[in-house]
Amino acid sequence: MDIVERVQRLLRRPAAEWDVIDTEPHTVPGLFTRYVMPLAAIPPVCAFLGYSVIGISNARLPMSYGVTHFVLSYGLSLFAVYVLALAIDALAEPFGGRENFVQAMKVSAFAPTAAWLAGAFSLVPWVSILSLAGGLYSLYLLYLALPRLMKVPEQQAIGYTTVLMVVALVVTVAATALPYLAIPPSMRGF
């Protein structure tokens, strides 16, 4: 299945698509190279173009800042997917599920699909707030995936999702803040 079909099916018929994903053979490197890396690039590429090329009114971030921010954001988003997979796997048993890192990696790789696509809103900086809708839909995708892929009982799925949501929020905030903290103010242009 190609990436476009997978995205469409996850967004249109997520429960049925998670059932398909559950039975598919995947490897961690394969998930990263064929799915995570292309889609995780959307938000940082669009943010770079939106804030350094298009800008807001007459204000644009300097290109050096934009490129540095893009590289750091992209690398950290890939790292965040891996960290979330570790958390999904580690927390499966306490919530009555089964530990399986490849299954956890599938959840971590496919659940953020809507958030990554919504990152395209950053192309137009004044509408980038709409990307939050993609993040919310990705939480729903996570909720649907956990009972299917990690074999968590339905009654435990909300608690498991809530704990992972907190983990994902901490990881996302850290991955978002680190590029801003790592880039010296002299590169920011303001």
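In case you wondered, yes, glycine gets a Cβ from its N, Cα and C as well.
Curation plays no part in TrEMBL annotations; they are all automatic predictions.
Over in TrEMBL, the protein carries these features:
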type: DOMAIN; residues: 10-174; note: domain 'Yip1'
type: TRANSMEM; residues: 35-54; note: transmembrane segment
type: TRANSMEM; residues: 66-88; note: transmembrane segment
type: TRANSMEM; residues: 123-146; note: transmembrane segment
type: TRANSMEM; residues: 158-183; note: transmembrane segment
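The predicted model assigns the domain 'Yip1' (10-174) a mean pLDDT of 94. A Cβ distance under 8 Å defines the sequence-distant neighbours of the transmembrane segment (158-183), meaning residues of its chain 6+ beyond its ends; these are 65, 68-69, 72-73, 76-77, 79-80, 83-84, 87-88, 91-92, 95, 97, 139, 142-143, 146, 150, 152.
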